[in-house]
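To keep things clear, I will list the structure first and then write my remarks on it.
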Amino acid sequence: MKDGLSVGIAGLGTVGAGVLRLLRDNADLIAARAGCRITVVAVAARDRARDRGVSLDGLRWHDDAVALAADAAVDVVVELIGGSDGTAHELVMAALEAGKPVVTANKALIAVRGDEITAREGASVRFEAAVAGGIPVIKALREGLAANRIGGIAGIFNGTCNYILSRMQAERLDFATVLADAQAQGYAEADPSFDIDGIDTAHKLAILAAIAFGRPVAFGSVHVEGIRGISALDIGFAAELGYRIKLLGIARATEAGVETRVHPAMVPLASPLARVDGVHNAVVIDADPVGQVVLQGRGAGAGPTASAVVADLIDLARGRAAPMLGVPHEARVAAPSVPMWAHRGAYFLRLMVVDEPGVIADVTAVLRDYGISLESMLQHGRSPGDAVAVVMVTHETGEAAMTAALARLATLPAVQEPPALIRIEIA
Ligand SMILES: NC(=O)c1ccc[n+]([C@@H]2O[C@H](COP(=O)([O-])OP(=O)(O)OC[C@H]3O[C@@H](n4cnc5c(N)ncnc54)[C@H](O)[C@@H]3O)[C@@H](O)[C@H]2O)c1
Ligand SMILES: N[C@@H](CCO)C(=O)O
Ligand code: NA
C-alpha cells in the first residue's frame, strides 16, 4: 500500500460534512479499493464551533479557505463551498497554481469557468458530484462510453424541480403550494431560483454537452426555461394524453450543430424519464454503437454527493487520469450551437377561449398560416360564453413558426389568457 492521500476540504456544509462522514465510516473499504489511506488533514469553513455531527479533532483549521492550497500537508484540495466566483474560484485556481489536484461538486464553477480551468497546463480537476450527484454520469460518458459517438443526452438533473412536479402530478396541487411546502420541509432553498428557473439544470447540461461532443463548455448557449409557468391544469391534460411533465436538460447533435436546451417537456409514459419521480435524477444517453444507456439515482443530498466526491478521491489515489472534459483542451472542436428558434419538435398547446361558434376556425386558421399541422385536439364540456380550455398537439413543427403563431393566437379576441406551450420530447 502507498503512503496515502492527504486531503484538505473547504466548505463543511451538507456535502463537506457528508464527505467527512463517508471517509470515516467506510475508511477500510475505501483504503482497500484506493490502495492507500485517504485522510482528511485540514479543513476550512466559516464557523469552527458549529455542530456538524462529525468530529473535527486533529484536523488543521484554516479561516481562509484559499490557504488550504498552500498548506504543505495537503495533497489534494476538495472545494465544497459553491459558486462560480469568489472564494471557490480563488481556491481552485490557487490549488492548480500550487500543482495540486482539485475535487469539487461545484457545477456553477465548471459550467461558467470550465474552459479557464482546462486551459491551465496540467490542471487536474474532478467533478463527478457536480452533475447528477451520486449518479456516475461523468465517468460513464467520459470513460465507459469513450468509444461511442454520442447522439444525444436527455435528463432530469434537478431534484427540487422533479420533486415539485411529481407532487403537483400526484396531488393535483398548484406550483406555488408545492414550492411553499418544499421550502418549509427544507427540500427547496429559501431562494429557489437557481433550481426552479432551470439554471442549475443548465449548468449540469453544459458540462455534459462539453464532454459528449468534445467541445468547450458553452453555458451561455443553453436555452433555459424553468417550471414556474407549469399549471396543475396542464399536468392533468398531460396525464390524459399519456405524458408526464418533467424539467429536462437536453443536448443533441443535429445537422446544424449541437442543440442544448432546458425546459419543461411532456415525455410519453413509456419513456424511462416519465417514471422518475421525487428528488431522483435520471439521464438517458444515446450512443453509437452501444445504443441507449439509462442511469437513475439520487442527484443530491449529503450521502449521494459524498459518494461521488470520494470516488474522485479514490481515482486520484489510484493514479487514474482522464482529460477533465473527455478530450484535451487543445483538441476540442468548437461545434456550433444551434439556436432555439431552429429547434423542431411536437408541441402541446393550450388556449383558454370563449366557448362560441367559429373560435376553433379562427385558431386553426392561424396555425394554417404558419404551416402547423395538428395531430389531435381536445375540449371537455361546454360553457357557452365562458372561457374553456382547448388543447392541441401538433405534428413536428419548427420553433420559429410556433413562436410566431403563439404571438398571433394571443391577439385573437376569443383567447382569454396567454397560451400555454409545452414541448413534447420522445426521450
Ligand atoms: N447539497 C447537495 O445535495 C449538492 C449536490 C451536488 C452538488 N452540490 C454542490 O456542492 C457544493 C456545496 O453544497 P452544499 O449543499 O454542501 O452547500 P452548503 O451551503 O450546505 O455548504 C457550503 C458551506 O461552505 C461554507 N462557506 C461559504 N463560504 C465560505 C468561505 N469563504 N470559506 C469557507 N467556507 C465557506 C458555508 O458556510 C457552508 O457551510 C456546491 O457547489 C453545490 O452546488 C451540492
Ligand atoms: N439543487 C440541486 C442539488 C444539487 O445539484 C437539486 O435540487 O437537484
Ligand atoms: Na455524478
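Just so it is clear, glycine is given a Cβ too, placed from its N, Cα and C backbone atoms.
Annotated features, as they stand in TrEMBL:
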ACT_SITE  Lys204  active site, proton donor
BINDING   Ala10, Gly11, Leu12, Gly13, Thr14, Val15, Gly16, Ala17  NADP(+) binding site
BINDING   Lys107  NADPH binding site
BINDING   Glu189  L-homoserine binding site
DOMAIN    348-423  domain 'ACT'
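Features per TrEMBL, on structure.
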residue : record                    : Cβ contacts under 8 Å, 6 or more apart
Ala10   : NADP(+) binding site      : Gly16, Val43, Ala44, Ala45, Ala65, Leu68, Val77, Val78, Glu79, Leu80, Ile81, Thr87, Ala88, Leu91
Gly11   : NADP(+) binding site      : Ala44, Ala45, Ala65, Glu79, Leu80, Ile81, Gly82, Ala88
Gly13   : NADP(+) binding site      : Ala45, Leu80
Thr14   : NADP(+) binding site      : Gly301, Ala302, Thr305
Val15   : NADP(+) binding site      : Leu80, Ala105, Ala129, Ala302, Thr305, Ala306, Val309
Ala17   : NADP(+) binding site      : Arg52, Gly53, Val54, Ala302
Lys107  : NADPH binding site        : Phe127, Ala130, Val131, Asp200, His203, Lys204, Ile207
Glu189  : L-homoserine binding site : Thr160, Gln183, Asp195
Applying a 10 Å Cβ distance cut-off over all chains shown, what neighbour count does Leu12 (NADP(+) binding site) have?
23
Enumerate in sequence order the recorded positions Gly11, Ala17, Glu189, Lys204 whose Cβ-atom distance to ligand 1 is under 6 angstroms.
Gly11
Counting across all protein chains shown, how many other Cβ atoms sit within 10 Å of the Cβ of the residue listed as 'active site, proton donor'?
28
Hey, does DSSP put Ala10 (NADP(+) binding site) in a helix, a strand, or just coil?
strand
For the domain 'ACT' (348-423), what are the DSSP-based totals of helix, strand and coil residues?
23 helix, 30 strand, 23 coil
